[in-house]
Amino acid sequence: MEDSGYSPRVRELLESNSVKVFDLVSVQLKDGINLRGIILPRPSTGERDALVLKLENGYNVGILVDRIKEIRLEEEAHVKQEQILESTRKTLAKAKVHFIGTGGTIASRVDYATGAVYPYFTAEELYSMIPELEEIALIESETIFNIFSEDMTPSQWSQIARKIKQVFEQNAPAGVVVAHGTDTMHYSASAIAFAVQKAPGPIVFTGAQRSSDRPSSDASLNVIGATITAVDAPFAESVIVMHGSVNDDKLLVHRGVRARKMHTSRRDAFISINELPLASVDPYSKKLSLLTKEYKQKSNDLEVYPEFSEKVALVKFYPGMDPSIFEFYRDKGYHGLVIEGTGLGHVNSKLISVLGGLVKDGMVVVMASQCLWGSINMNVYRTGVELLRAGVLPAGNMLPETSYVKLSWVFGQTTEVEEAVKLFKKNIAFETSERNEYKFYPGAWWWQ
Amino acid sequence: MTTLSRKIKCGIEIHQMLDTQSKLFCSCPTKIRKDPPDFTFLRRLRLARSEIGEIDPAALFEFEKGLQFLYEGYNDSVCLVEMDEEPPHPTNMEALTIALKFALLVNARIIDEIHVMRKIVIDGSNTTGFQRTMLVAVGGSINVKGKEIPIETICLEEDAARKIDERKDQQTVIYRLDRLGIPLIEVATGPVIESPEEAREVAHYIGLLLRSLGKVKRGLGTIRQDLNISVEGGARVEVKGVQYLDLIPLVVENEVKRQVKLLEIRDELVARGLSVTDILFEPVDVSKYFEKTKSKVARSALEKGGVALALKLKGFKGILGKEIQPGRRFGTELADRARYWARVGGIFHSDELPGYGISEEEVKILSEVLSLGENDAFVLVFDEREKALKALEAVYKRVLEAFSGVPEETRAANTDGTTRFMRPRPGKARMYPETDIRPIVISSQLIEKLKGELPEPPEETLKRLKKHYGLSDVLAQQLFSSEYLFFFEELVQETGVQPVIAATLLTNTLKSLRREGVNVEVLEEEHIKKVLKAVAENKLAKEAIPEVLRALAENPESSVEDVIEKLSLRGLTLQELERLVDEIISERKQLIMEKKEKAFSPIMGIVMEKVRGKIDGKIVAEVVRKKITEAISS
């Protein structure tokens, strides 16, 4: 009863009437009204002194303890075993796809009796909830952890990378699908792009912007698109598959290192930045259409470098920034810093000498742009030139988040500054490019 | 009303749209729009097989139809919340306050902590796949003509999107999002209503109470009444979407009639010695007998590669053609089902054949092919094989149900007061908490405060209006039992028209126009205001009101000014009238010289013929009298 969410007063009332959560009861109120319903646990917020009943008409109501005259037990809760979904599986698909669960709301369903939402992730459950998968792939699945995506750290990236290695080695799937919360999906997808450099198939991240406990969820379509990509894509890269617009029609395949969550809630929140998406997927005809010719081929070798450093930071410059903030990182023993500067790659000129000091002290300092679109170019203005002279490394048209993940990965491989700089400059997973094409920027998309 | 000898039980559910500043869960305005939408987007909804299979036949059906939904939106009155691209905002307290006040008006018990729920609806009318709704109060009552009518529940919920069109060939339903999210109060009575007239009275009184709160929308579609009707021995049938009061008794009566007739059919089947085992599902392909048919329906279906399928119904002769509601036969019930489950255009049955281009010869051949006995009937459908088969399956199932009388189902009200099959009765509502919105605690202080802000009871309003505007007992009573008690006062104050004219328009005029078959429901309050304003400003004679309203009802898009102009009902000025009377008198000098004052009535007749509807008769009489006197004395 302690975890029912109720205040001690409600718990006492329930105990003194010998009823408990999920019992069917009839509650007599002091003003003569009788309510019949199931006692629910309390939602995490609200009036803890209010007893929550699910009435027979389906509505939940909260009744204050003071108003209750009597509670009578009508029927004891029969503890319902969480029902295992049985698959109608008749798959003829030959390709194998391995699902890795990491948390997030991509897979859950509702128990309408109590309103509880249960996550699901076994292959049988996936087939049962998304029958279309039967035609696409032979699915196996496992959950390696269950956390909110904002709680991910570089150590989880390492775990995911090791798991992918193991899966390709032992199960030989056509591809891997990673179900992930959307908030930091592009960080994890970038991390895997650096960690898994050669693979026999694609690694596809997917998630949901609308929770899967609602009929309008984007989860199923995204999972279908991710599975098609895992089976059919010719590339062996770490990608993100999500809605391409607010329509439930085409999905887009973004390169993990180039994708960014650009909207708090829309289902087409992910956008490829500084390049076009790799492909689009029609989840109904189950066809994947490539939008580029440039990609990493599948490989029989598996090359995985799963180490990441936690001593790298991403810091956003703002006009009133205090220079001593940078020194904090040095004093805490950080190896590297990515600065999200303004425009072509600038910070307040008063910060330059501090940054120069960090470089002298052996830190790698990278400059990315908070503009997101376009390249860093520190030769145009004097501030830039001075930053270069101070030893700050330009990130080109690499996203700030990708630069951060890459630097974290770099220091997972080496602690030698020279080696680190060399590794950082190397284009590993199409995370940067020299050319910025007209069509890469939304200005070219919206008004056509 | 002989059909009403059986006991009936009826409950009413009223949905009243609120006129709040913004929608229930976002800050968009609560405006229904007529202009073309700014953008569209495409969606599908889904439920897992295992979840719907056992629970809700209606939801399962929508799901299996594999429909897609095209939503239409406006940049300035639809936001990401209606598009299901953003979580809902906290509940609109203006709307909740109105619902709480209604609860207090009917002495209902307000819920201490209100929880917003998601009610699964997957016909696409909600972009989310559920309707957000909250139970606000329970256990109230109202008194209607001395009888206590329990108000079981009062809910506050979001309205659904408006269905605009259906493209059957593309499996697409088009909805417009302007209405989605507008707050609705839902009031449900207990099933204690015992006659069609009582149903109207209860609905009317609840409507009055709602309108007395102000901030509720008025006009077509802003209040929707659902009726639960069952006759003794029948079944509970829900009739959706009765849009105006005077239709209620008619719908109840027709539904009662339908249930009684269905029970008679059941008894007749028993009397004929038939049972369900006599009805076999053995469709026969009869396409080849229609190769030279004159029936357009048949020809076009067959030319497209379709088939003709027939199903024999043993012992059903005469039953398919039996009328169960005005203009609707038992065969219509079969056709409704076929249309719904198989989306065919319709069916033919032997009680209506030969006809519709199907010849006697063809009927004869069918009878032979199906080896029809003297009392047997058949149903015929032309369409793609799969659809035709599905249609006959739906027909077959409905025929089996005839053996137990009245099937439980949800029906829709037609504008003539009859009803048609809409969908199977939904299973128990599937509701679960809306986790994106925190529960709302209603404090006793708030309730006390609202108690001080309640409107006067409608009875008081009536008394006040009667006294203040000098209305007769009869007219005041008529106004009270119309839907327009509150609109009346607004009209008089805003237009400055004589109260009697406004009251007469709202009661007698509208009623007699409706009786003449004019669709007065499309008239907007703005129309009526403008018409009365024109009367108040002497631009229109009050006699012309019915004619103008009729024209407006036929062309609701046109402006009041245009209609007045087009009907050349623009009022005459006094000067114009005098000139006209002068002319007429000078043409009839002789008559006046002979008859003197007695010439008034023929002259008046001639003048009125030319000016009727353009100027008040009283004024005409005055002018005519004056001019005759002048003519005589000159």
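Glycine residues also receive a Cβ, built from the backbone N, Cα and C atoms like all the rest.
Annotated features, as they stand in TrEMBL:
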type	residues	note
ACT_SITE	A:THR105	active site
ACT_SITE	A:THR182	active site
ACT_SITE	A:ASP183	active site
ACT_SITE	A:LYS261	active site
DOMAIN	A:20-73	domain 'GatD N-terminal'
DOMAIN	A:96-282	domain 'L-asparaginase N-terminal'
DOMAIN	A:311-424	domain 'Asparaginase/glutaminase C-terminal'
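Using DSSP to sort the residues of the domain 'GatD N-terminal' (A:20-73) gives these counts of helix, strand and coil: 3 helix, 29 strand, 22 coil. Mean model confidence for the domain 'L-asparaginase N-terminal' (A:96-282) is a pLDDT of 92.
In three-state terms derived from DSSP, A:LYS261 (active site) belongs to an extended strand segment.
Geometry remark: A:LYS261 (active site) versus A:ASP183 (active site), CA distance 7 Å. Annotation note: A:ASP183 (active site) sits in a coil segment as assigned by DSSP. Residue counts for the domain 'Asparaginase/glutaminase C-terminal' (A:311-424) under DSSP, split into helix (H, G, I), strand (E, B) and coil, are 50 helix, 21 strand, 43 coil.
With the fewest other Cβ atoms inside 10 Å of its Cβ, the least crowded of the active-site residues A:ASP183, A:LYS261 in this structure is A:ASP183. Neighbours of A:THR182 (active site), defined as other CB atoms within 10 A of its CB across all chains, total 25.
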